[in-house]
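Novice: After the C-alpha cells below, expect a handful of questions from me.
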Amino acid sequence: MNTSAPPAVSPNITVLAPGKGPWQVAFIGITTGLLSLATVTGNLLVLISFKVNTELKTVNNYFLLSLACADLIIGTFSMNLYTTYLLMGHWALGTLACDLWLALDYVASNASVMNLLLISFDRYFSVTRPLSYRAKRTPRRAALMIGLAWLVSFVLWAPAILFWQYLVGERTVLAGQCYIQFLSQPIITFGTAMAAFYLPVTVMCTLYWRIYRETENRARELAALQGSETPGKGGGSSSSSERSQPGAEGSPETPPGRCCRCCRAPRLLQAYSWKEEEEEDEGSMESLTSSEGEEPGSEVVIKMPMVDPEAQAPTKQPPRSSPNTVKRPTKKGRDRAGKGQKPRGKEQLAKRKTFSLVKEKKAARTLSAILLAFILTWTPYNIMVLVSTFCKDCVPETLWELGYWLCYVNSTINPMCYALCNKAFRDTFRLLLLCRWDKRRWRKIPKRPGSVHRTPSRQC
C-alpha cells in the first residue's frame, strides 16, 4: 500500500474502463483474493507465534509485531475494498465509507513506514552503542515508541482525509470515485511522495549502510583478536568434565554415602556456553553483554552442598565441595585459577565477540530483507507519481492499478521475510500450520547461551 496518492491516482483518468471480459474479472478477483488470504494468514501467524512462543518476545520483535498489525489491517480491509473498486469500475459504497477506507488505509501504510524506521534506528543504535542503548532498550520503551508511531500516522492522515471537505467548504471528489481530495493536485501528490516514501527510504538506506560498515569493522577486529591468540602449554580452558573429576585439585572426593540435596530441583541453570546456536533470536537481549564489566577468563566455583543421610544432627561446619560444581564468570577468580588458566581471557573474549557478531548479522539480515521488499514493492508506484507530476497522461491506467496493488503485496511478503531470516519464526510457523504446537510445549526447547531456562516438563 502507499501513502502518497489516491487509488488509481489522479482524477484525470478513469478508475477502470468498463467492459472488461468475465475472464479478466475472474482472474483479477481470484488473484487478489488469494493475495488477501495469504496476507491475512501470514500476519496472523506472526501474531499467534508472538503469543505462544516466549522466545519471540524480544524488544526487536515488538517492532515486527507492530508491522504485522499494520499489514493485517491492509490485508483485511484495504486489499478487498480496492479489489471491489477495481472490479465494479466505480465506488458504490458511499462517501463516508470511501473516506473511512482511505483513512484506515493511509494510517496503516504510514504506520508501516514508521515501524520500518523504528526497526532501522533500533538496529543502528544496538550496533553502534551496544552498552548505553541496550540498557535503555526495554519492552516498555519499545511499546511507547510504537504507540507514538501509530499516533503520528493517525494525526497526519485521518483528520485531513475525513474533514478536508469541511475545511474548504465543499467536496470536490468526482461522483463514483474514491480518492483523497487534497491530493487531487499533482504537485501536492509529489510533495507527499517525497515526505512519505523517498525521505524515509533515504534514511533507512543510510542507516543500513552504517550498520553494515560497523558490522564489517567488528568482524575485522574479531579476526585480529582470534589471530593474536597463542595458547600455551596446557593452557586454554579445560573442559567442564575435566574440572569436575573427583580427586582433581580443588575438588576433593566426595565421601561415600553422601548424596546431593538438590537432585530433584528444577533445571533452572544452564552452564555458560559460548557456542553459537541457530535458535538464537536476532533481537534478543539475553546475551552475554551482562558480564561486560567482568574480567574475562575469571571464574568462581559455586559449591553445591552434599548431605549425609546418616547424619543425626546438622553441623556448623561448612559443607565440603563436591564434583557437582558450577562455574561462572566473576571478577576475582582469575588470580585463583592458576597459571594454566591465563590464556582463557582472550579466548572467552573472542567467543563473546563472535556470539555478539552473529546476533548482529542475523538482525541485519532480517532488516535487509524487509527493507529490500519495501523498496521493490513501493518504488514503481512512487516513480509513477513523480512522472505524473510533469506529464499527466504519460502513465497508462493499467500501470497505476498494478503499481498500487504492488504496494499492497509488500504486506504479503513481510511475514515471509521473518520466516526466511529467523529460525524461531520459521519453526513456530511450521508447528502452528501442522497443529503440533501442543506437543512442542512439553519437550525441551533449545535456548540461547547463558540464559536462565526452566525446561518444560510435567515433572520436577
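Glycine residues also receive a Cβ, built from the backbone N, Cα and C atoms like all the rest.
Straight from Swiss-Prot, here's the annotation block:
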| type | residues | note |
| --- | --- | --- |
| TOPO_DOM | 1-22 | topological domain 'Extracellular' |
| CARBOHYD | Asn2 | N-linked glycosylation site |
| CARBOHYD | Asn12 | N-linked glycosylation site |
| TRANSMEM | 23-48 | transmembrane segment |
| TOPO_DOM | 49-62 | topological domain 'Cytoplasmic' |
| TRANSMEM | 63-84 | transmembrane segment |
| TOPO_DOM | 85-95 | topological domain 'Extracellular' |
| TRANSMEM | 96-121 | transmembrane segment |
| DISULFID | Cys98-Cys178 | disulfide bond |
| TOPO_DOM | 122-142 | topological domain 'Cytoplasmic' |
| TRANSMEM | 143-164 | transmembrane segment |
| TOPO_DOM | 165-185 | topological domain 'Extracellular' |
| SITE | Glu170 | site 'Subtype-specific residue that binds to snake venom muscarinic toxin 7' |
| SITE | Leu174 | site 'Subtype-specific residue that binds to snake venom muscarinic toxin 7' |
| TRANSMEM | 186-209 | transmembrane segment |
| TOPO_DOM | 210-366 | topological domain 'Cytoplasmic' |
| COMPBIAS | 238-247 | compositional bias 'Low complexity' |
| TRANSMEM | 367-390 | transmembrane segment |
| TOPO_DOM | 391-397 | topological domain 'Extracellular' |
| SITE | Glu397 | site 'Subtype-specific residue that binds to snake venom muscarinic toxin 7' |
| TRANSMEM | 398-420 | transmembrane segment |
| SITE | Glu401 | site 'Subtype-specific residue that binds to snake venom muscarinic toxin 7' |
| TOPO_DOM | 421-460 | topological domain 'Cytoplasmic' |
Novice: Can you say which of 23-48, 63-84, 96-121, 143-164, 398-420 has the most Cβ pairs under 8 Å with the transmembrane segment (186-209)?
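Specialist: Stretch with maximum Cβ contacts: 96-121.
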Novice: If you draw a 10 Å sphere on the Cβ of Cys98 (disulfide bond), how many other Cβ atoms land inside?
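Specialist: Here the count is 22.
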Novice: Report, in whole Å, the straight Cα-to-Cα distance of Leu174 (site 'Subtype-specific residue that binds to snake venom muscarinic toxin 7') from Glu397 (site 'Subtype-specific residue that binds to snake venom muscarinic toxin 7').
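Specialist: Answer for this pair: 17 Å between alpha carbons.
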Novice: Counting Cβ pairs under 8 Å that sit 6 or more residues apart, are there three or more between the transmembrane segment (367-390) and the transmembrane segment (96-121)?
Specialist: yes
Novice: DSSP helix, strand and coil counts for the topological domain 'Extracellular' (165-185)?
Specialist: 7 helix, 0 strand, 14 coil
Novice: Distance check, please: Cα of Cys178 (disulfide bond) against Cα of Glu170 (site 'Subtype-specific residue that binds to snake venom muscarinic toxin 7'), rounded to an integer number of angstrom.
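Specialist: Spelling it out, the Cα of Cys178 (disulfide bond) and the Cα of Glu170 (site 'Subtype-specific residue that binds to snake venom muscarinic toxin 7') are 15 Å apart.
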Novice: Do you know offhand how many angstrom separate Glu401 (site 'Subtype-specific residue that binds to snake venom muscarinic toxin 7') and Leu174 (site 'Subtype-specific residue that binds to snake venom muscarinic toxin 7') by C-alpha?
Specialist: 18
Novice: Of all the recorded sites given, Glu397, Glu401, which has the fewest Cβ neighbours within 10 Å once its own Cβ is left out?
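Specialist: Selected from the recorded sites Glu397, Glu401 on minimum Cβ neighbours within 10 Å: Glu397.
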Novice: If you count other CB atoms within 10 A of each CB, which of Leu174, Cys178 wins among these recorded positions?
Specialist: Cys178
Novice: Provide the three-state DSSP residue tally for the topological domain 'Cytoplasmic' (122-142): helix first, then strand, then coil.
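Specialist: Helix, strand, coil within the topological domain 'Cytoplasmic' (122-142): 18 helix, 0 strand, 3 coil.
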Novice: How does the topological domain 'Extracellular' (85-95) divide up by DSSP, counting helix, then strand, then coil residues?
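Specialist: Helix/strand/coil tally for the topological domain 'Extracellular' (85-95): 5 helix, 0 strand, 6 coil.
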